[in-house]
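Trainee: Okay, these came from TrEMBL:
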BINDING   B:Cys84, B:Cys89, B:Cys125, B:Cys129  [2Fe-2S] cluster binding site
Amino acid sequence: MSAAMATRIYIPSDTTAKALGADRVARVIEATAKEQGVELEIVRNGTRALYWLDPLIEVDTPEGRFGYGPVTVKDVDSLFAAEFWSGETAHPLAVGLVEEIPYLKRQQRLTFSRAGVTDPLSLSDYEAHDGYKGLRNALKLEAQGIVDAVKASGLRGRGGAAFPTGIKWQTVLDANSPEQQKQKYIVCNADEGDSGTFADRLVMECDPFMLIEGMTIAGLAVGATQGYIYLRSEYPLADKNLNAAIESAYANNLLGEDILGSGRHFDLEVRVGAGAYICGEETSLLESLEGKRGLVRAKPPLPAIVGLFGQPTVVNNVLSLAAVPFILDKGAQAYADCGMGRSRGTLPFQVAGNVKQGGLVELAFGPTLRELMFDFAGGTRNGRPLRAVQVGGPLGAYLPESQWDTPLDYEEFAKVGAVLGHGGVVMFDDTVDMGEQARFSMEFCVAESCGKCTPCRIGSTRGVEVIDRIHAGQNVDANLELLSDLCETMLDGSLCAMGGMTPFPVQSAVKHFGEDFVKHSTSEHLNSVLEEA
Amino acid sequence: MNTPGSVSWEPTAAQAIIDELKSKPGALLPILHAIQNRFAYVPEEAVALIAPALKLSRAEVHGVISFYHHFRTHQPGRHVVEICRAEACQAQGSRALEAHAKSSLGVDYHGTTADRAITLEPVYCLGNCSCGASVRVGDEIYARMTPESFDELVDGLRTERLEVLS
Ligand SMILES: Cc1cc2nc3c(=O)[nH]c(=O)nc-3n(C[C@H](O)[C@H](O)[C@H](O)COP(=O)(O)O)c2cc1C
Ligand code: SF4
């Protein structure tokens, strides 16, 4: 190959690809290419998040990108022997054209259209793939016009509560005292604490400009000039990439006092959390941003009216804000055209736990949980039967097989007492002990409660003790009843969903997997317990 | 971010960190992070400097430090090893992994090994949920961990130090 014709190859660089050895593979490929005189241009892309194939190496060809994966250091010699850079070869790791892989091809990647395609930190790459078109359109609109577009898209908050984003923005836009223009804030909730979720992380690591653009548009929409991204401390790479992208946005007039010469002003800063799950709750998050303990505030007043430092504040999840550039670029209708019922657009599902083909599956609302777990994800990693699935994070219910045909839709999930939350799907095989899982839910609440209300703080501790007694076979009937009462008290008497939803996984475990709670006893009450539940 | 150095306490460096950050709105968390990144924990001496700079009482600063799992008030071992305890990793054997880690290191969570090489901490989710069980050391995340690969990791961390010394 001549020097002018260096073949471009892509090696992923998100946290999971790195954890699977992508950096080592990149170093060895680079050294081998040099040694053998092969001209390669190595681009570190984000990841497609087809994690069973990561590190997935892609080769640019006129037909599209050919993939090889999962590549380890041991495979590099044979890849070079097969001249992998020439496109498709007979190498055993060849997976063909990446965009033809059914797992990817059958998705509707609106928010994740660039993930794994571009170099996350290249602004020119971002702009070459529709980046900043949404902001350019927004700059031509009045604030109300932007809010109207978001309303018309039907976008609902992706952080868990599914509140309509446009309505929240309207409240903040309208929150002006007559005598003064108030300082307003855009706060991005990047606390992503739910186990089984990583879509926010992927946005920040693989396409950080999209979040910056979304927040800038939000600022224009409500009249806010300052934004904060509250990022969990467990995401060091996201921190690095966000800060690098913010720096580059400032250098190119995409942040600061005169955005693209419009005279409009928006500043943005990353603030790192400190390992507290409750700080994902929006008012706790605001307290934390103010430098305090993350104690949940009573609502009302809503943060939209009295938020950060007492000012009107938009608090939105990463995915909610990341959907905005698409809506302003392709139009509200293009977004609303996807989905079912009142769930419009797409939800990036994250398939995790004991899963064969784990990763990110962005889908228009509507397919069933079973399709996601089997047609996409291929069942469990170890091949054992799937038994229980927790959807929507640690406060979400466990679903038994009888509920796997539920469509992925906010309202349909609510009907079976479950939540979609942030789209995390955690799969467990038949070795799971659901008594242990219920105990963990209570234990997690003990560890993460902000401590403000008694049912949450004390109730969860009692919950652990009661489940331990059930596990030990002590007065199983009476203790199950006690557990049920305790759950009711937490449901009714908690200020926020931490205490108010911890009963969801616990009660669903008892209801659908009751045999795990009584298997340690000689109980003849088994049937009565199960019927009662 | 949380790779402990072996930096000893330097009041002037701490004061410089505080002076640089104290005028930010909501400055306390950024200051605590910067102090812990530098010294590996938040020493009592630092609290004595932070409180007056932010016009807070020492008790208030302590209240904030103790609320957050991430902040430490004691010098950790040379490496902080965090094991994910959350559900997605449980589905991939993290309960057995944590039991193994505790017994092989001879410490419970928050404990430091006798040779001061390793402090063991729990963590609730590292966002590597399709490829658990997950472990974090400094800014590195490790995927699909088993008791065997955990032992290799720990051996590596211990000898890394010896190589530097020799
Ligand atoms: C205990 C608890 C934890 C939460 N964690 C998160 C989180 O990590 N990320 C998030 O975006 N929302 C989280 N939420 C929801 C937020 O309170 C809030 O509804 C959300 O940030 C609003 O943004 P959205 O409308 O864009 O979803 C949590 C709520 C509770 C009660
Ligand atoms: S329910 Fe729990 S976490 Fe929520 S405010 Fe009450 S004590 Fe705090």
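Here the Cβ of each residue, glycine as well, is placed from N, Cα and C on the backbone.
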Trainee: Just counting, how many other CB atoms are there within 10 A of the CB of B:Cys89 ([2Fe-2S] cluster binding site)?
Mentor: 31
Trainee: In sequence order, what residues of the same chain, 6+ apart, have a Cβ less than 8 Å from the Cβ of B:Cys125 ([2Fe-2S] cluster binding site)?
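Mentor: The list for B:Cys125 ([2Fe-2S] cluster binding site) reads B:Cys84, B:Ala86, B:Ala88, given in order along the sequence.
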Trainee: Among all the protein chains here, how many other CB atoms are within 10 A of the CB of B:Cys84 ([2Fe-2S] cluster binding site)?
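Mentor: So the Cβ neighbour count for B:Cys84 ([2Fe-2S] cluster binding site) comes to 29.
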Trainee: Could you check what DSSP calls B:Cys125 ([2Fe-2S] cluster binding site) once collapsed to helix, strand or coil?
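Mentor: Where B:Cys125 ([2Fe-2S] cluster binding site) sits, the three-state DSSP reduction gives coil.
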